[in-house]
Amino acid sequence: MDKNGDFIDIKIIWKALHNQATPKEKEELEKWLLEAEGHQRYYENLNRYYKQDFTQNTLPEETDTAWRSVEQRIAPRKSGTFGRLIAIASVAASLVIAFVLFHDKQPSQMEAPIVGNENAIRPGSKKAVLILDNGKTLNLAENDTFQIKENGASLKNTGNKLEYTAATKSNEKLCFNTLKVPRGGEYYLVLADGTKVWLNSESTLRYPVKFLGDERRIELTGEAYFEVTKNKHKPFRVVSGTQIVTVLGTKFNISSYPEDSLTYTTLVEGHVNVALKDNPSVERSLVPNEQSSISRLDRQISIRAVDPSRYVAWKNGRFIFKDERLGDIMHTLSRWYDVQVIFSNQRAKDIQFTGNLERYSDFAGMLNMIEKTDEVKFIIKGNLVTIE
């Protein structure tokens, strides 16, 4: 323990959280906890946060201050058994990122590595391209404001929201708009029936400017979160990938990127039916806290119980990963930060992480956090990220 009482070896905290601390280490920890109230708050918050598997929001702001009194040097030792390496670091004044690395070691002290060539890669922003029924395109950005009328509906864009309002009119025809969100973007949409849609990066939604007939049908490529306005006389249907999701009014998330092997539907509230697009008679029902997945290869529908907050976290400004491969994590982050990722170290793809991250935080800070495990090295050149 540092003589001035402000520092403690991080491995002592790690061992205490895992009930592996020796009597001497417990004594050092107790002494450190008594040095300052902030130390106690830090340890209590970390202990509670760790036990919750990092599925809740980030730690309180005082945790960041307390962490300044902990040596920011952590790296694994070689060992034959699996352990959990907790790595916590400050990325911004009020932000704490927490990771758990499933790896065969426990932490020891060393200088934290630095991400090579840290260019300023910014998080995504509110942007999209709107394609009208007549083919005209409009670029939407966070501060754009306009209002137009099209085929019995009023379109209003304010800030980061595109909103449709249906007008009463006879002899209407079914007209479609398409909203395309690029890599590094997101957008919020309110359909003519009041249904709210949050579109994630690299996603496209095709929808009527006004719903006519006996159903409300839209088409999705990519990922979106829906809060569907209830209408028992006119079901709401989302066609995405190999599936059709039918609801009357509910909250759910669909992830259906063409390059992904599975299409996921996660139900937060209400009730949905998931059917195969090419064989609608094959249908399964979901209740809240369930997720369906459909393979693009075998067209099988599987259902499992999940914590929906993990899968809708992006809509709430966070990334939540649990036991996920670094390859999959970087795939997700690459869409949001609009970067290209190359693994020169293929083994690194399979390292598993659990973490709760601020979606709008600095990209280089995230990578620096992961580098502290001493398992990978990131090299940033422009928008190219190489993992060694």
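For all residues, glycine too, the Cβ spot is worked out from N, Cα and C.
Noted in TrEMBL for the protein shown:
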- 82-102: transmembrane segment (TRANSMEM)
- 179-272: domain 'FecR protein' (DOMAIN)
- 318-387: domain 'Protein FecR C-terminal' (DOMAIN)
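Helix, strand and coil residue tallies for the domain 'Protein FecR C-terminal' (318-387), in that order: 26 helix, 27 strand, 17 coil [DSSP].
Mapped onto DSSP classes, the domain 'FecR protein' (179-272) shows 0 helix, 56 strand, 38 coil. In the predicted model, the domain 'FecR protein' (179-272) has a mean pLDDT of 96.
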